[in-house]
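Trainee: Got these off TrEMBL a minute ago, pasting:
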DOMAIN    21-138  domain 'Phospholipase A2-like central'
BINDING   Tyr47, Gly49, Asp68  Ca(2+) binding site
DISULFID  Cys48-Cys64  disulfide bond
DISULFID  Cys63-Cys122  disulfide bond
ACT_SITE  His67  active site
DISULFID  Cys70-Cys115  disulfide bond
DISULFID  Cys80-Cys108  disulfide bond
DISULFID  Cys101-Cys113  disulfide bond
ACT_SITE  Asp116  active site
Amino acid sequence: MNCLSHLELNQHRHGQRGSRAFWQFGNMIRCVQSGVNPFKYNNYGSYCGLRRRGTPVDEVDLCCKVHDECYAAQMRNSRCRGFFSQPYRYQYSCSGGQPTCSATNDCCKAAACECDRKAALCLAWTRHNPEHKNLDAIP
């Protein structure tokens with residue numbers, strides 16, 4: 001199996017997400033959506049943030065679910081075992097609203113970068129519904 005065909009299965013098995021480079025993902029979202037605060041996606045729906053359960057409430061939530069599944073697939077890669085439980089930083093560039101993962105990233109960093117890149121692009125095509133924010137806080 002290739003490097004980008006594996007990532008978050010161990011996190012789902014052990015009920016943990018690991019120490020991902022959330023700030024890099026946020027910056028990648030800003031690359032694609034200039035002026036957007038990436039925290040608007042945190043605690044959104046059923047999959048954006050630390051929750052991962054149920055049916056996605058909309059396209060934004062579906063992007064987050066696919067992002068989680070991308071990480072799950074990459075964590076099955078034996079070369080990346082333990083990588084995602086440690087803080088990490090990948091290299092990428094942004095030009096014209098398009099993030100590009102660096103060819104200098106090792107296998108695991110490349111996988112994380114590609115998952116984040118695809119999710120940032122996905123989120124750009126969605127419509128954010130403020131009513132889906134903090135759904136767990138609603139009784």
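Placed from the backbone N, Cα and C atoms, the Cβ positions cover glycine too.
Where in this structure would I find these features, and how exposed are they?
Mentor: Looking only at the domain 'Phospholipase A2-like central' (21-138), the predicted model's pLDDT averages out at 91.
Residue environment of Cys64 (disulfide bond) contains 25 other Cβ atoms, counted within 10 Å of its Cβ in all protein chains.
DSSP gives Cys122 (disulfide bond) a helix state. Cys122 (disulfide bond): 17 other CB atoms within 10 A of its CB, across all protein chains.
Taking a C-beta cut-off of under 8 angstroms and a sequence separation of 6 or more, His67 (active site) has the following same-chain neighbours: Tyr47, Cys115, Asp116, Lys118, Ala119, Cys122.
The secondary structure of Cys70 (disulfide bond), as reduced to three states from DSSP, is helical.
In the three-state DSSP assignment, the secondary structure recorded for Cys80 (disulfide bond) is helix. Cβ neighbour count for Cys80 (disulfide bond): 20 (other Cβ atoms within 10 Å of its Cβ, all protein chains included).
Note on Cys101 (disulfide bond): other Cβ atoms within 10 Å of its Cβ, all shown chains, come to 20.
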Trainee: Which ones are near Cys64 (disulfide bond): of the recorded positions Gly49, Cys80, Cys101, Cys108, which have a Cα within 10 Å?
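Mentor: Checking each Cα against Cys64 (disulfide bond), the hits are Gly49.
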Trainee: Across all the protein chains here, work out how many other Cβ atoms are within 10 Å of the Cβ of Cys70 (disulfide bond).
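Mentor: Cys70 (disulfide bond): 22 neighbouring Cβ atoms within 10 Å.
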